[in-house]
Amino acid sequence: MREGYTFDDVLLEPQRSGVFSRKDVTTRSQFSRGIFLNAPVVSANMDTVTEYRMARFMAESGGIGIIHRFLPIAAQAEEVRKVKRAENVVIDDPYTVNADQNVADAERIMKEKGVSGLPVLDSDGRIAGIITRRDILFAENLGKKVSEAMTKKVITAKAGTTLSEAKKILFRHRIEKLPLADKSGKLRGLITLKDILKRANGESASKDKKGRLLVGAALGVKDDTLERAKALLDAGADVLVVDIAHGHNERALNAIKLLKKKFKGAEIVGGNVATPKGAIDLIKAGADAVKIGIGPGAACTTRIVTGVGVPQLTAVLECARAAEKYKIPAIADGGIRNSGDFSKALAAGASTVMIGSLFAGTDESPGDYVLEDGVGYKFYRGMASRDAADDKTKIDGGHDGAYRAPEGKSGKVSYRGRAKNVLDDLIAGLRSSMSYLGAKNLREFQKNARFIKITQAALRESNIHDMK
Ligand code: XMP
């Protein structure tokens, strides 16, 4: 019988280093075949971890969040849409007003939608002008037609104009809004200076080609898989995560093949597996990244209930090595309790790390903060817990009546304040770890990593001791 190790069984040996954690290190990494992140962190697709707020925070911070699938299709797609709309540099379907509406209408639309100006369209849908708060201020009579109050000489650019071209035009003409038009003068989008400046300040955020935040969404292997996938992709999801406890299962492999065939070009993550064979079969089915982890999660009882699993460090080491041969990145999923575990998972070969319980305790996760005896908590539950299964039945309707042993628990986790606190600790710990190993980037980190197996006595020594 061979041995398997997890995070507490090992330490990383220090190496000669001329690297300083603050200035020399980059944590940029590959999440899936076509998606790269500045922070190798993924928030878990669990209903006590990732909905719109967490996903938005993760992308703004350079990582990515995966919206959980324990929602009706339309509701899950709406969570995706909210993230894609959050920081939208090219707005595909801007709010507009018609030239023959009143100035009062324009004012109302701007107020309702929280925007400072509207492209004005003529009766054929062509751009006739633009109306801003300033124009309204000087209109005097709100009963006037928009066409009388708007700025008629409007600068437009071709649909498909890049952000850097748009920025030049905005600066050259000292304007704040740039409508995009097709050949016939019809409105095809809008670029605003405000969004371009925001983007320039937040270089590290995870963005798509249009400047919108990245977001992923999970789906299971069910009758509605294709319908759910289509709704999520239509809403703008950048990646779909096939979320199955046993990803090395014929149904999971077939689902990946089918999704890759039906939705050409869509990024699909497969999981979860814990053996090299599992990782390779997912890749052969078409997976653009493989998710590793059977039973390491804080709320998981799979190993206790079924006796099945692979200690997470060994699983990551072996699966990531197998996936690397196919140039497919591995996501280490579950069991991370601190920045040391996080660093070990990446050093072992993972390109990114998925995290549940640490983020469940933050303001950005769904659910309320509870105060008990002066201590703050938030609710956290395994998605295979009895609790979650009962709620899922309410959403899906039917249940086949067969008894299934729950493979997760529900409970509380410590309240940790803003998610930024957790993320900053993880990244700072990782940077420091990289500097101990003389690594400027994650590739070098993995190359330089030498694990040493430790004893229980060494683990006691590692933790704080002999002090109160
Ligand atoms: P952490 O340790 O970060 O782990 O909280 C998050 C991961 O745990 C997995 N997960 C489960 N595993 N039963 C399981 O065996 C469950 O009910 C369950 N719910 C979540 C999942 O991989 C998640 O990303």
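Including glycine, each Cβ sits where the backbone N, Cα and C put it.
All TrEMBL annotations are machine predictions without curation.
The record from TrEMBL ties Asp333, Gly334, Gly335, Gly356, Ser357, Tyr380, Arg381, Gly382, Met383, Ala384 to IMP, and of the options Glu318, Glu324, Glu407, Glu444 it ties Glu407 to that site too.
The sparsest Cβ neighbourhood within 10 Å, among the listed binding-site residues (Ser357, Ser462), is found at Ser462.
Under DSSP, Ser357 (IMP binding site) is assigned to a helix (H, G or I) in the three-state scheme. According to DSSP, the secondary structure content of the domain 'CBS' (150-206) in residues is 20 helix, 15 strand, 22 coil. In this structure, none of the binding-site residues from Ile244, Ile294, Arg381, Ser462 has a C-beta falling under 6 Å of any atom of ligand 1. When secondary structure is read from DSSP and collapsed to three states, Glu461 (K(+) binding site) falls in the helix class.
Taking Ala245, Gly335, Glu407 as the binding-site residues under consideration, the smallest Cα distance to Gly297 (K(+) binding site) is found for Gly335.
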